[in-house]
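Here the structure comes first, spelled out in structure tokens, and everything after it is commentary.
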Amino acid sequence: MTNNHVSPREKSIVFIGFMGVGKTTIGKLVAQKLYRTFIDIDEEIEKEYGMPTQQIFQKIGEKAFREKEKSLIQKFCTQKLKIISVGGGAFLQKEIRDICLTNCTVIALDISWDSWKERLNVIIDSRPVLQGRSMEEIEELFYKRQEIYSAHNSKLVTDNLNVEEIADYITDSLKVAWEIYS
Ligand SMILES: Nc1ncnc2c1ncn2[C@@H]1O[C@H](COP(=O)(O)OP(=O)(O)OP(=O)(O)O)[C@@H](O)[C@H]1O
Ligand SMILES: O=C(O)C1=C[C@@H](O)[C@@H](O)[C@H](O)C1
Ligand SMILES: [Mg+2]
């Protein structure tokens, strides 16, 4: 089942990008502004296992996390009118990239390394992939991951923008695009 036949206005929107770039925060705000249901795939995985991501990685392992991530993305991305934030590692899987790009409008949130590194302290405790790595290793991962986020329909560089400005910009741009294609 795909929903690649649905109109751009009805397609679900998927936010991608590196850990901590703001997918969950912005996705929630955009959903409010468009009166749509918000789905955070990390939260859905945590609900299924009844524990935080950190513990899923420790007790069950990353492989099971990634399988669950794929099946939940398949479930929600084939539905209409949702606003979906996927985890920062979701686009590592080609199948996930294909599901999202076939069924949804994919928006990549981008940020420079200099701005991102200011955020590390806030997010590190809940992101197992960042733990036990040196700053140099995290920087290497940050740049390596850029390749997977290049598979998108549109991209916004968020440096120097607050969350309201980002959500307003995305909401307004979507409405303009929907008018053009309607
Ligand atoms: N534009 C912004 N300016 C300042 N802080 C921001 C901005 N966007 C997000 N943040 C903050 O950065 C932190 C990480 O944001 P968020 O959890 O939304 O990231 P994420 O992309 O969903 O990460 P993950 O991939 O790990 O789920 C939060 O504390 C959030 O408040
Ligand atoms: O970038 C990643 O690999 C991850 C990002 C988070 O959103 C979670 O999905 C998890 O911590 C893994
Ligand atoms: Mg998130």
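Cβ coordinates come from backbone N, Cα and C, glycine included.
All TrEMBL annotations are machine predictions without curation.
Thr24 (ATP binding site) falls within a helix when secondary structure is assigned with DSSP. The ATP binding site annotation in TrEMBL covers Gly20, Val21, Gly22, Lys23, Thr24, Thr25, Arg127.
The annotation Mg(2+) binding site is assigned in TrEMBL to Thr24. Cβ neighbours within 10 Å of Thr24 (ATP binding site), excluding its own Cβ and spanning all shown chains: 18.
What TrEMBL lists as substrate binding site is Asp42, Arg66, Gly88, Arg145. According to its DSSP assignment, Asp42 (substrate binding site) is helical. Here Asp42 (substrate binding site) comes close to Thr24, Thr53, Ser85, Gly87: these same-chain residues lie at least six apart in sequence, with C-beta atoms under 8 angstroms from its C-beta.
Among the binding-site residues Asp42, Arg66, Arg145, the residues whose Cβ sits under 6 Å from any atom of ligand 1 are Asp42. Residues Gly17, Met19, Ile26, Ser85, Gly88, Leu109, Ile123 surround the recorded ATP site, their Cβ atoms falling within 8 Å of the Cβ centroid of Gly20, Val21, Gly22, Lys23, Thr24, Thr25, Arg127, which are themselves excluded.
Working note on the binding-site residues Lys23, Arg127, Arg145: by count of other C-beta atoms within 10 Å of each C-beta, Lys23 ranks first.
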